[in-house]
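Annotated in Swiss-Prot:
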type     : residues : note
SIGNAL   : 1-23     : signal peptide
COMPBIAS : 24-43    : compositional bias 'Low complexity'
REGION   : 24-59    : region 'Disordered'
ACT_SITE : His100   : active site
ACT_SITE : Asp145   : active site
ACT_SITE : Ser146   : active site
Amino acid sequence: MNKLTVRNFIVGLLIVFSLNSFSSPPSISNSSSNSIDENSPINTFKISPDNQTSKKSDLATEEPKGCKYWLSLFKPVCHRLHQVWTEGHTDLYLSGYAWHNRFTYSAERIREKKYNELAWGGGLGKGFFDEKGNWHGLYAFAFLDSHRNVEPTAGYAYLRVANITKEFKAGLGFSVLVTARPDIFHNIPFPGAVPWAGIFYKKLSVKAAYIPGSSTNGNVLYVVGTYSFDK
């Protein structure tokens, strides 16, 4: 009887021990599984926007196809022109005034020659503010010149811009262009470069170019207004 009691006692201990040993792993596995879920490599792998951003930046830094054949010295210029064309806002150009410098043109001469100062015209362009806040523009438009002939022009302009207020900006710079006039080279297109200035307010801007010259030609302040459309 004593042997049976001892045997039963030992068997009972073994059963209790075995139950404890089998019941404890689930809690361990749950905690371990939770820790695995929290620190699993899958979660860290999901932080892939960095990889996507790097891929996008790689794509953004890819050389435009049109710049592939440019000399390395001029490739930055090509990249900037491509950026203005692809990322810039579309600008509507409205031309309206050309002031003949009264210090080189007398009032009598202006009356005699009947110089036109209402330089009506218009066209389209692209405008872009770079990472420093300076403005780059591509444009093509036509207007009535001093003799009321239609003068086409196309070019690139750059303005170093200062922020006067949040919405109001002003800039100074230059423009390189190609134009054609019947009184100069008989309408054969020729290049030129002129100083530019501009003021910006929201989507509106007024830009002016001074065309140097002599007492019989040039010395004209040309003014054009632009409106920028949303992309």
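Using N, Cα and C of the backbone, Cβ positions are placed for all residues, glycine too.
Its Cβ taken as reference, Ser146 (active site) is surrounded by 22 other Cβ atoms within 10 Å in the chains shown. A coil conformation is recorded for Asp145 (active site) in the three-state DSSP classification, outside any helix or strand.
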